[in-house]
Amino acid sequence: MVTAVFVVLFLSAVAFHALAAEDVNVDVIIIGAGMAGIAAGRTLTEMGITNFVILEATDRVGGRIRNTDFAGMKVEMGANWVEGVNGKELNPVWDLAKQVNLRTILTDTSNLSSNVYDASGALPPQIQAQAMATAQNEYVNSLSATLTANNDDDVSVLTAQRLFGSVASTPVEMALDYQLYDGEFAEPPRVTSLKNTQPLPTFENFGEDSYFAADPRGFATIIQPVASYLKNTNGTIEDPRLMLNKVVNKIAYGDWGVSVSTEDGATYTAKAAIATVSLGVLQSKLINFEPDLPFWKLEAIFEFNMAIYTKIFLKFPSKFWRTDPGTEFFLYADDSRGYYPVWQHLEREFPGSNIIFVTVTDDESRRIEQQSDNQTLSEIMDVLRKMYGPTIPMAEEILIPRWWSNRFFKGTFSNWPIGVTSREFAELQAPIDRLYFAGEHTSADYNGYIHGAYFTGIDAAKSVATCLKQGQCVSGSTKQKNKTKGKKLMEASVCAAPIKEELDAQRQHWVKKVKLVEEALAAKCA
């Protein structure tokens, strides 16, 4: 997903530290000023609750939407795309982008299979591999629908590929497979849930198009309309309720409310709190909970995955890559899957910049974060020389974001792994007493995406308002009383009829479709 769901561009916003570093009592504490936290604050305001504070660990607003200066340009280190556009429903992030006139470029990967370089620098014909990958993806989506309709057990995307009868094995096949799955989920098919990711609701509901943010103000400009309640008369984000550089290290909670402590010694007490920190932070030891989170909550937190999606930017003195139409994206097919595989030049976004970037994920991201920039640059130059020859110029600059190492994020966005049921995911979302949770990782349909964070911030704030205004406070611990009963009902509803014959029929359908495509292409190329 790539967008799937990353930190912050400095919004030219200044937050006052007017509240003293002593005990502060408010109605609601919001932890985190990313999209979820800012959306939660707006929703509380709209519902008449204004006595709240937003505690943000960094010096910016925006969470994992973050840009930085690189080679005279502004590049996005985190979230970069509005994914899911031009469909039956309006993506709220696209709506925000339009409100601020964000400069975006339509992403077109339709010609990607023609831009796959092998280790010899050749561009071998990929007609058959692309046809197989397309048919396989359609089968994977069809199988997911069948398993869901029959309420059958989940499988991994890799299992679905095996059922189809074709698993990527050659360097070229692995590169195409990587771009299709790891490029979206930041984890390989063997890890990713089939039923809970295929087909993706983002593209089913909002449209199949994606737009690359290339605005000098930064992608995080989309947060400006959401944060309007924090602006002064000059349109600047300047509100004493927004407190930057406030690192939360302890959360005490109960049916009485919530108390939050920060590293600078301050304590904030409220009737309720909304924690919008990333899944990676919840899995880390940054925040101490008192009492300890119940086992069912910890289990849900640790069952889900915090993925890592890393874009490594390089600046060259001159271009040596193709920039003609249909060549913006290109792949490197290495014997080792995921080794500097997906490339994009920025000639359309920033003409004349001579900037390209390569995307890595998962274990490669972790490995690269732990080595020096010089070592990474050396590895990248070796790959580029294989693709373009030994005479290409040396890169002048390199930028390597380190999301996994950053204690305030511990990754880029969440991925739904095999083995986590919808019921267990609901436990990840569930509040505990007066402590509520939001963020992209708590969105069942849109985890990993900015719009997922946006929706969950709104939903959590509405739940808090209902609790405070109407006394209807639902705790996740209450939900656990019906846990066994719910499981039995789910098991009883499973269709008893075997579906092997149906799966075999689907597989044969797609195999025949591949053969027809191959025959048509062979006749066309004869």
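Every residue gets a Cβ built from N, Cα and C, even glycine.
Annotation source TrEMBL lists FAD binding site at Glu56, Ala57, Val248. Here the Cβ of Ala57 (FAD binding site) has 22 other Cβ atoms within 10 Å, regardless of which shown protein chain they belong to.
Annotation source TrEMBL lists domain 'Amine oxidase' at 35-464.
Annotation comment: TrEMBL describes 1-20 as signal peptide.
The FAD site is defined by Glu56, Ala57, Val248, and by the 8 Å test on Cβ atoms against their centroid, the other residues of the chain that qualify are Ile31, Gly32, Ala33, Leu55, Thr58, Asn245, Lys246, Val247, Thr262, Val277, Phe408.
Across the residues the record lists as binding FAD (Glu56, Ala57, Val248), the two Cα atoms farthest apart are 8 Å from each other. Listed binding-site residues: Glu56, Val248. The one with the lowest count of other Cβ atoms within 10 Å of its Cβ is Val248. Mean pLDDT of the predicted structure over the domain 'Amine oxidase' (35-464): 96.
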